[in-house]
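Engineer: Can you keep this structure in mind? I'll have questions shortly.
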């Protein structure tokens, strides 16, 4: 996966995606989530790959180990660049996910979601019944992910630094919750700017609405890209 800001393609149709991508004349890294994938299926992935873009397929698989393994066998054939599972599924599920992926593709990176960046500490305690801080809950899931042999985690940039210190800088930290200065928070709770994310140890950042809903998406993307790579 190129070290570029990953644009979250939060659109409802393939036509909207291609209209957006047609504005750009350069290789991009993009994220396809559940909403878009369930609407468009593998056909959109193939068309985006033909354009030369890298793809993070963000489906957050979470099921029994055998089911996730078989699902990963199918996703491996799509030739995306990055896939993910939920760390809450446990070590065995994550190990089987990687095995399923490797049956057909040795190059796709696989990471695990720790806690969503929309999760608050109150929700963690009262709804998930995890009686630790968010930071400790995230770090615990990151430890399990590395033990399972995966390539990294999805986490808030606010947690990237502590994960790097314990699990190493080569362990991927893919961080949503990125907002340029002055941008709306939307439904994100644990956020930083691109510059802060880099300082904290994020290896990749995911940015959606500040680019896709911008009146000038190319300019917005290039400003974020410049601040991330500088």
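Quick reminder: no glycine exception, Cβ is built from N, Cα and C everywhere.
In case it helps, Swiss-Prot gives these features for our protein:
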| type | residues | note |
| --- | --- | --- |
| BINDING | 10, 31, 58-67, 117, 179, 188, 208-209 | substrate binding site |
| ACT_SITE | 60 | active site, proton donor |
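Map these features onto the structure and tell me what's around them.
Structural biologist: A C-beta separation below 8 Å, combined with a sequence spacing of at least six in one chain, links residue 10 (substrate binding site) to 33, 35, 36, 208, 209, 212.
In the three-state DSSP scheme, residue 60 (active site, proton donor) is classed as strand. Residue environment of residue 60 (active site, proton donor) contains 17 other Cβ atoms, counted within 10 Å of its Cβ in all protein chains.
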